[in-house]
Amino acid sequence: MYPSIHPSIHLSTLTSISSSPVIIYVHLAVQQLQTLCFLANFPLAKMAAQEVQPSETIAKLKSESEALKTKLEEERAKLHDVELHQVAEKVDPLGQFVMKTRRTLKGHGNKVLCMDWCKDKRRIVSSSQDGKVIVWDAFTTNKEHAVTMPCTWVMACAYAPSGCAVACGGLDNKCSVYPLSLDKNENLAAKKKSVAMHTNYLSACSFTNSDMQILTSSGDGTCALWDVESGQLLQSFHGHAADVLCLDLAPSETGNTFVSGGCDKKANVWDMRSGQCIQSFETHESDINSVRYYPSGDAFASGSDDATCRLYDLRADREVAIYSKESIIFGASSVDFSLSGRLLFGGYNDYTINVWDVLKGTRVSILFGHENRVSTLRVSPDGTAFCSGSWDHTLRVRE
Amino acid sequence: MSSKKQSSNNIAQARRIVQQLRIEANIERIKVSKASADLMHYCGEHAKYDPLLMGIPASENPFKDKKPCIIL
């Protein structure tokens, strides 16, 4: 008398997954629902059909999301025909690397937390736990500017593309921009401009292609794009389930994407205009401390507390390499590529810097010198040197 | 009353997750072999311009310690 009930297509994909109480429950619930719908002529049945329990809809959505996740993995696996290091076997191996420390920048009174190069390839801005932000000339090791922030743990600092300003922030939950004046006597703190406001600590900040916009990430789980002049929020990026620890802008001039990494072990790629998360990668086993785009913009590397660095290709939409060794058990705090993308520098919490061959997946060098964990590492804009900052209060420029 | 609001929040969240997954599942992907080949090609093309890889002559190195001048 009742028409036979055919399970919907999406249910049939579910049954192919190992059974669970939820799936059986949903199956029965949907059958019930379909029965009720067929009896919709009767107002009573109609009312009953409308009073669907919210938990049933959630279960349906949850099972659909599980099905989609499986589909995503299957699609990614289909294209996984070879490993990067296998393809790279025909590339010449790299020789021995000797990198010496050329400059040691001393002057911070406490742990150095972040640093950034100026586009002029010689100036560096660094920030530390004691609230000091210092601008150095890396060639001469002179300190050109120093600012004391009203908060401690200044975890983020960035140089403006023009070289005329620096941005920094930390436990004050804000990102402030300081225009750098040529007059040494001028009090920089007087000209300070508060740009970003978050509800938790600022973990990273970066100017976009101009001095006019700043991208920030925060412990409140969001990233945000701000207009420097007005302090207005232009776009916010929601999707991380925990603190966002790092971000990096795509290198292309026309590119409008950036990648962020967080304590939820996910690295998300975002479209800056729409605020949409366009790709997401979750293979790390712990917090992602640092993300950096490959120079071509087609891939990015990440460093994590799980003691590995990983390379993710954006067009293949998957992880393509892991840089790890059994002897490395401390987390990687920061990563950066050399100019050609062949070398990946990783600063670790065991006070060392490991240099990896990006294509072959092997370590080519290990650098010592810091007396405490390496917290930040950046290659200079022209690729001639790289600078590392550490909890031992110093920065070292090496090449 | 509040439990109804909470459940509708949960539904909204679950809907967002499903929508996000739908977007991610439908993007265009290329094979790892092609992606790897492109990465290798980029490295090869730019290796000669990479100072950290190739090393730079001391005369052009801005960080090299300059020896003091001796006036004869």
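Cβ atoms here come from the backbone N, Cα and C positions, even for glycine.
Where the annotation comes from TrEMBL, it is an automatic prediction and has not been curated.
Noted in TrEMBL for the protein shown:
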type   : residues  : note
COILED : A:58-85   : coiled coil
REPEAT : A:105-146 : repeat 'WD'
REPEAT : A:195-236 : repeat 'WD'
REPEAT : A:237-280 : repeat 'WD'
REPEAT : A:281-322 : repeat 'WD'
REPEAT : A:334-366 : repeat 'WD'
REPEAT : A:367-399 : repeat 'WD'
Close approaches to the repeat 'WD' (A:281-322) from elsewhere in its chain (Cβ under 8 angstroms; 6 or more beyond its ends): 76, 79-80, 83-85, 245-252, 255, 259-263, 265-269, 328-337, 339-341, 344, 346-348, 356, 358, 361
Same-chain residue ranges lying at least 6 outside the repeat 'WD' (A:195-236) that approach it to Cβ under 8 Å: 114, 153, 155-162, 164-165, 167-177, 242-249, 253, 258, 260, 262, 270, 272-273, 275
Per-state residue totals over the repeat 'WD' (A:334-366) - DSSP helix, strand, coil: 0 helix, 19 strand, 14 coil
DSSP-derived helix, strand and coil totals, residue by residue, for the repeat 'WD' (A:105-146): 0 helix, 25 strand, 17 coil
Overall pLDDT for the repeat 'WD' (A:195-236), taken as the rounded mean: 94
Residues of the parent chain within Cβ reach of the repeat 'WD' (A:367-399), under 8 Å, 6 or more residues beyond its termini: 99-106, 108-119, 121, 124, 126, 128, 136, 138, 330, 333-340, 345-355
DSSP-assigned states of the repeat 'WD' (A:281-322) in counts, ordered helix, strand, coil: 0 helix, 23 strand, 19 coil
